[in-house]
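Visitor: Here it is, the structure in full.
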Amino acid sequence: MFVAVMEGDTVRALWLFLISMVVDGTDGMLARWVQVKRYAPSFDGALLDNIVDYITYAFMPMLLLWSAGYLGEGTSATVLAVIPLIASAYQFCRVDAKTDDHLFLGFPSYWNIAAFYVVVLDLSTTAVAVVLLVCAVLVFVPVGYVYPSRTTTLQTTTLALTCLWLAAYAVLLLQLPDPSPVWLAISVAYVVYYVALSLYLTTRRSRTVPAVA
């Protein structure tokens, strides 16, 4: 992945981002299936998962956007790349990053997905800056985001739509630099669904949490 990013092979890097998302979505289930905690009790799989996720979800996407010139040039480009990394470092270190009802608290560092849309939509430097800065701020906003493999509300629907989104991701990569509007609409529709469900669950959660006297 690092080689693809540094060589400026954007499409290959995005393919590797896709593979890393599939692995991230299944590694926990595999670890439970082979009973890692039982046979290697001193091994902290959750810590390793956070390290790998920070590299693949935050560091590599920002390095890709920076090295490929999507952030502009000079000091401003470097600062724009560093801001999401600092925000993500905070998010990954939060003890309440995942709620008891299986939501991510604050924007869950989907910088690899942001990078995907930057490339597919061929966003301008200004648009990229706006997207990254807004998402960085959202890390600190207490909105609960759907954890696709664990959030129980509409879980079957969410998993099915997530698989469709992953398929759309692959199709759009194959179609670059001229992605199909139909597949792009399918991809964006999932993002709308994800955000809408997250906002609904956040609102419902705020109504059920007892007020502090």
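Even glycines carry a Cβ here, placed using N, Cα and C.
Model, not experiment: these values are computed from the prediction.
Quick paste of what TrEMBL says about this protein:
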TRANSMEM  12-30  transmembrane segment
TRANSMEM  77-95  transmembrane segment
TRANSMEM  102-120  transmembrane segment
TRANSMEM  126-147  transmembrane segment
TRANSMEM  159-176  transmembrane segment
TRANSMEM  182-201  transmembrane segment
Visitor: Looking only at residues six or more beyond either end of the transmembrane segment (182-201), which have a C-beta under 8 A from one in the stretch?
Guide: 101, 103, 120-121, 143-146, 151, 153-154, 158, 161-162, 164-165, 168-169, 171-172, 175
Visitor: For the transmembrane segment (159-176), which partner among 12-30, 77-95, 102-120, 126-147 gives the most CB pairs under 8 Å?
Guide: 12-30
Visitor: So which residues does the transmembrane segment (77-95) touch in its own chain, when a touch means Cβ under 8 Å and the partner is 6 or more beyond its ends?
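Guide: Sequence-distant neighbours of the transmembrane segment (77-95): 50, 53-54, 57-59, 62-63, 65-66, 71, 105-109, 111, 128-129, 132-133, 135-137, 139-140.
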